[in-house]
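Visitor: Below is a structure I'd like to ask you about.
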Amino acid sequence: MNPAHLLVLSAVCVSLLGAAIVPPQPLNLIQFSSLIQCANGGSRATWHYADYGCYCGKGGGGTPVDELDRCCQTHDNCYGEAEKLTKCSPYYKTYKYDCSEGKLTCNDAPGSCERSVCDCDRVAAICFAGAPYNDKNFMINTETNCQ
């Protein structure tokens, strides 16, 4: 075998091995982002909510800093309830929904994991759209501000 071909083949194999150990990314974050954009009419990019206050983004704790942060706390708690359903992983569960003129509708069967997760995201998206956004609460130091 040609050494150049062997080198390319080795690189591909190593790449595939590396990809096999990369954990899957939460699929429904894309859907949640779409629901947020539907509810707020695209007025604020969804990444603004990824690291806001004490609860928006990964994890959460302490006292919410404002109304928007309370929306995130409620969303976290809602996902916690959804996780109690059999085989329900909210961060990886996708669902069916419609967005029409800012109105969000979840279309999966009531009581299903998919519907529960969609309802969590729908309520949060509507809450985000109605809550004031305070720039000073974006990327705060959670260790000192979230007691």
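Every residue, even glycine, has its Cβ placed from backbone N, Cα and C.
Found this in Swiss-Prot, in case it helps:
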ACT_SITE  H75  active site
ACT_SITE  D121  active site
BINDING   Y55, G57, G59, D76  Ca(2+) binding site
DISULFID  C38-C99  disulfide bond
DISULFID  C54-C146  disulfide bond
DISULFID  C56-C72  disulfide bond
DISULFID  C71-C127  disulfide bond
DISULFID  C78-C120  disulfide bond
DISULFID  C88-C113  disulfide bond
DISULFID  C106-C118  disulfide bond
SIGNAL    1-19  signal peptide
Visitor: Given the Ca(2+) site residues Y55, G57, G59, D76, which other residues of that chain have a Cβ within 8 Å of the mean position of their Cβ atoms, reported in sequence order?
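Guide: Nearby residues not in the site list: C54, C56, K58, G60, G61, C72, Q73.
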Visitor: Of all the disulfide-bonded residues here, C99, C120, which one's CB has the most other CB atoms within 10 A?
Guide: C120
Visitor: To the nearest whole angstrom, what is the C-alpha distance linking C146 (disulfide bond) and Y55 (Ca(2+) binding site)?
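Guide: About 9 Å separates the two Cα atoms.
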Visitor: Taking the binding-site residues one at a time (G57, G59), which has its Cβ surrounded by the most other Cβ atoms within 10 Å?
Guide: G57
Visitor: Using DSSP and three states only, what is Y55 (Ca(2+) binding site)?
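Guide: Its secondary structure by DSSP: coil.
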Visitor: On the three-state reduction of DSSP, what should I expect for C88 (disulfide bond)?
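Guide: Assignment for C88 (disulfide bond) reads coil.
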